[in-house]
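Chemist: What TrEMBL shows for this protein is this:
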- 87-167: domain 'Cadherin' (DOMAIN)
- 168-276: domain 'Cadherin' (DOMAIN)
- 277-391: domain 'Cadherin' (DOMAIN)
- 392-496: domain 'Cadherin' (DOMAIN)
- 496-618: domain 'Cadherin' (DOMAIN)
- 613-642: transmembrane segment (TRANSMEM)
Amino acid sequence: MPERLMDMLMDTWTPLIILWITVLPSIYMAPMNQSQVLPSGSSTGLKRLTEEQRVLNRSKRGWVWNQMFVLEEFSGPEPILVGRLHTDMDPGSSKIKYILSGDGAGTIFVINDKTGDIHAMKRLDREEKAEYTLTAQAVDRDTNQPLEPPSEFIIKVQDINDNAPEFVDGPYHATVPEMSVVGTFVTKVTATDADDPVYGNSAKLVYSILEGQPYFSIEPHTAIIKTALPNMDREAKEEYFVVIQAKDMGGHMGGLSGTTTVTITLTDVNDNPPKFAQSLYHFSVMEDVALGEPIGRVKANDLDTGENAKSSYDIIEGDGMDIFEITTDAQTQDGVIRVRKPLDFETKKSYTLKVEAANIHIDPRFISGGPFKDTATVKIVVEDADEPPVFSSPTYLLEVHENAAINSVIGQVTAHDPDVSSSPIRFSIDRHTDLERQFNINAEDGKITLATPLDRETNMWHNITIVATETRNHSQVSRVPVAIKVLDVNDNAPEFASEHEAFLCENGKPGQVIQIVSAVDKDDPKNGHYFLFSLLPEMVNNPNFTIKKNEDNTLSILAKHSGFSRQKQEVYLLPIIISDNGNPPMSSTSTLTIRVCGCSSDGIVQSCNVEAYVLPIGLSMGALIAILACIILLLVIVVLFVTLRRHKNEPLIIKDDEDVRENIIRYDDEGGGEEDTEAFDIATLQNPDGINGFLPRKDIKPDLQFMPR
């Protein structure tokens, strides 16, 4: 209590003490110690001091001599005396004139040019300008000659507590987890004071809470806000409104203050378990519901939010654990019950399940509070529905031999109505799967019969669809696929795999393999194919060729002797009987064509034609054709040349006996008979060009040539 009283007294008397220290030394100390009021450049007007005096003067200086102070916001009827300038060159007469220049000289600060007194003419604000730099000089009043060099000094504006603290960043928003322990950090606020933080307590701030207790507290000097109560529950109250005050003067009486608000929100933690809205749920479902369809929803409510409120559902007990499943709806957090397997009203009419909801994210700090899960019972009633017929098998596989008789039964399908009424069933074939109508079915008993002959080599598999329809309700239809496999019987004889043509060299040796042939059979015996090869009975003792069965089910054709000649016989035909090992065995006769050819010494076939003998030099047929073409071309050229020569030898002037113009000349003058030769010139009529004096000669060839057509 004594300390607080002393602080209050100091706060009250501090401005008066400052004023006394600032003003009075400037007025009354100047005559006693000129170094405190004179500028630093006035050494010329100062007397020399002894070393003892210089030391004594330094020890007496309690403030800086080149500074003056003035209290801010000070106002009165008269200007404020800031200080006085004086020089020892002033004998007391009025010959010295004091001049002031610099910041605010003449406007804010005015000097008495006779006495050197400096007055502040205006009210000053330290927050606008904290100090002023001025220059003082003493001159001769008559001549204006400087008596001393100019000297610079500073007038500082002394602070008073005239600015209240401000929260620049306010209002504030902060969060803290619910159920936090006492002293948990929430946030920190900051206030600023425009007053001088160095001088006095004007900018010394102290923080306190005006509203928000007892939930939160604040450190007076650091402004850190902390929780003050334990176990604050978000579900009870989520948001708090706190008012913070900052007061200067160290928080003492007379200080200025500012306030701000802090909105504190409690964030959620997982401190609440899920809870079902009801302990028993009832659902009903039709027995023909599709798999995966939802049949009902259960809901476990959680007072928490976000991730802390998410739960997973599971079926932990019941007689339908393998029939039903439960999943979590991510949007609504509901438990969705779905059907996993088909339901059958006639087999089981109801189910009882026990479902559990458990939190996914559990906070280990609250495990001791109990299990974060809950259970509920679900009863599901299955309702009867008119179901379609059910086949005894989902698919059928039937086998039939390809030589089965028409109308023979190849198999049977069965179906029944699962409903209690048990409607009769009628069977039919979907003709879209049997376009050739090879099968029929008995509508009453479902027996499938053969309608047309089968051929395994043409189509080994037949896939048809059987339709079962209730006679009482034709909309109840079921379908089942039936695969019919056609079994093989030995009904195809083997034959050559391809049309073989063998080539025999004239210079071949006895026993030489001429050709290796293979056989194929369209049938497919279980143990594979085995072929027997033989010659016709009348060809068994063939003098030219023989056969040999190979281990790989092929046949080799061999020559019995050498000396085959194309001139003697160019082609040989060798019939071969091929038999299989079926029951009964099937056989066929295929003829192998053997052509005699001329070969090189290496056995390479060169020519197989008889006309090659016509060319003793060994020309091939291609060379012979080329020679004939050249001959024909030469003949054509000769004919063209003769034709051209013939056209060139024809005369260009018409002969006398071919001149037809002589027969068409008519005139009415009577001549003198054969003796009159002067009337007309017949040559002129024969050649009109003769009139002009040009008469062609017939005894020479003309120069102008005409191209023949």
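Here the Cβ of each residue, glycine as well, is placed from N, Cα and C on the backbone.
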Chemist: Going by DSSP assignments with H, G and I as helix and E and B as strand, what are the residue counts for the domain 'Cadherin' (168-276)?
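Modeler: Per DSSP, the residues of the domain 'Cadherin' (168-276) fall into 3 helix, 46 strand, 60 coil.
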Chemist: Across the domain 'Cadherin' (277-391), what is the average pLDDT of the model, as a whole number?
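Modeler: Summing pLDDT over the domain 'Cadherin' (277-391) and dividing by its length gives 91.
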Chemist: What are the DSSP helix/strand/coil residue counts across the domain 'Cadherin' (392-496)?
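Modeler: Once the DSSP states are binned, the domain 'Cadherin' (392-496) shows 3 helix, 47 strand, 55 coil.
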Chemist: DSSP on the domain 'Cadherin' (277-391): how many residues come out helix, how many strand, how many coil?
Modeler: 10 helix, 57 strand, 48 coil
Chemist: With DSSP as the reference, give the number of residues of the domain 'Cadherin' (87-167) in helix, strand and coil.
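Modeler: For the domain 'Cadherin' (87-167), the helix, strand and coil counts are 0 helix, 35 strand, 46 coil.
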